[in-house]
Amino acid sequence: MRTIDWVDGAVELVDQTALPGRFHVIRIDTVDGLVDAIRRLAVRGAPALGVAGALGVALAARDETDPLSAAARLRAARPTAVNLAWGVDEALGHLDGGFEAVLGRALRIRDEDVEACRAMGERGADLVRELTGRDRVRIMTVCNTGGLAAVERGTALGVVRTLHERGQLTEALALETRPLLQGSRLTAWELGRMGAPYRLVADSAGPFLLARGHADAVLIGADRIAADGDTANKIGSYALALGARRAGVPFVVVAPETTVDLATPTGAGIEIEERDPEEVLSVRGARLAPEGAHALNPAFDVTPHDLVTAIVTERRVIRPDRGERP
Ligand code: MRU
């Protein structure tokens with residue numbers, strides 16, 4: 001199954017707002033339709049956003065009178081995951097060659113993502129064994145970093161998948177990931193489909209469960225990794241990193257090279273997406289907070305590099321805890 005693809009002249013993607021209740025593929029043939037799908041998280045996760053951005057430029061090159069302004073709308077749809085801007089810019093670099101050239105680059109980005117995720121899975125699983133010294137491991141993770149967040153296997157959850165396939169996974173502990181519940185809805189769905197043993201835990205239980213020895217490693221994805229190794233990822237990642245450091249548990253970031261943003265020197269320069277307060281005040285449309293309540297809703301946080309044990313990409317392992325930088 002591919003989460004996002006180009007099929008018969010349009011973008012097809014798994015509608016992640018409908019999961020786990022309904023598996024539903026939507027077909028999008030306009031740039032503004034794709035911008036809307038990105039904003040409402042029908043397609044989400046940094047690597048998938050990179051592919052979406054590039055395929056969106058293909059739609060723009062084919063149909064828009066002003067492809068540059070269409071590309072700017074795509075680029076601005078969500079600010080934190082650098083992969084979106086990267087995918088747009090890569091595809092735009094082929095605009096002179098026309099639609100076919102742009103689509104060709106977009107399809108290569110799709111295929112490169114599949115290869116990168118497979119390589120991260122292998123390298124990450126080897127590293128987990130090395131860091132923990134264990135044949136079988138319990139992994140804690142947050143958000144959804146699986147096939148749904150990429151084209152096929154995913155990043156951090158791709159490592160969990162590889163560990164499971166190797167018979168090395170005792171259990172995955174998935175944080176539910178409020179407010180939009182990517183853990184409960186999407187990661188649990190993926191873990192169930194792969195037949196991996198897992199339990200969901202409330203976000204606030206994560207650091208305490210680490211302190212009580214319930215996980216051997218934390219694996220997370222990334223939306224942007226600054227030049228100093230500071231890592232932006234789903235809100236709640238920083239708390240897990242603090243808990244992991246206190247508990248002496250390895251904290252590993254798994255992300256493709258396209259998530260490394262050398263133009264951003266430190267995490268302080270990463271724009272954090274603020275989403276609609278209503279996402280905090282309600283759960284899936286059911287209002288929980290009293291009338292008149294206000295909310296603050298940062299979608300991501302930044303984990304400082306000194307709390308990161310390792311960054312695994314398709315090409316290398318970087319050890320920020322030993323002073324290495326991307
Ligand atoms: O808001 P989302 O669901 O797009 O957030 C996604 C994440 O934070 C993921 O951890 C990140 O994009 C890495 S996906 C492999």
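Backbone N, Cα and C atoms are what each Cβ position is placed from, and that goes for glycine too.
According to TrEMBL, the feature substrate binding site maps to Arg44, Gly45, Ala46, Arg78, Gln182, Asn233, Lys234. As annotated by TrEMBL, site 'Transition state stabilizer' applies to Cys143. Annotation comment: TrEMBL describes Asp223 as active site, proton donor.
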Original post:
Over the residue list Arg44, Gly45, Ala46, Arg78, Gln182, Asn233, Lys234, recorded for substrate, what is the maximum interresidue Cα distance in Å?
Top reply: 17
**OP:** Count the other Cβ atoms sitting within 10 Å of the Cβ of Arg44 (substrate binding site), across every protein chain shown.
**Re:** 26
**OP:** In whole Å, note down how far the CA of Asp223 (active site, proton donor) lies from the CA of Ala46 (substrate binding site).
**Re:** 5
Subject >> Secondary-structure category, per DSSP, in which Gln182 (substrate binding site) falls >> reply: helix
Original post:
Could you tell me the C-alpha distance between Asp223 (active site, proton donor) and Arg78 (substrate binding site) in angstrom, no decimals?
Top reply: 11
**OP:** Can you check which residues sit near Asn233 (substrate binding site), meaning Cβ under 8 Å from its Cβ, same chain, 6 or more apart in sequence, and list them in order?
**Re:** Val142, Cys143, Ile220, Gly221, Ala222, Asp223, Val253, Phe300, Asp301, Thr303
Original post:
Once the chains shown are all counted, how many other Cβ atoms turn up within 10 Å of the Cβ of Arg78 (substrate binding site)?
Top reply: 24
**OP:** Within the same chain, and leaving aside Arg44, Gly45, Ala46, Arg78, Gln182, Asn233, Lys234, name every residue whose CB is within 8 angstroms of the centroid of the CB atoms belonging to the recorded substrate site, in sequence order.
**Re:** Leu49, Ala81, Cys143, Asn144, Thr145, Ala149, Gly221, Asp223, Ala299, Phe300
Original post:
Other than its own, how many Cβ atoms are within 10 Å of the Cβ belonging to Gln182 (substrate binding site)?
Top reply: 27
Subject >> Candidates near ligand 1 among the binding-site residues Arg44, Arg78, Asn233, judged by a Cβ under 6 angstroms >> reply: Arg44, Asn233
**OP:** Return the residues near Gly45 (substrate binding site), defined as same-chain residues 6+ apart in sequence whose C-beta is under 8 angstroms from its C-beta, sorted by sequence, else 'none'.
**Re:** Ala81, Asn144, Thr145, Leu148, Ala149, Ala150, Gly154, Gly221
**OP:** Let me know the DSSP-derived helix, strand or coil state of Ala46 (substrate binding site), please.
**Re:** helix
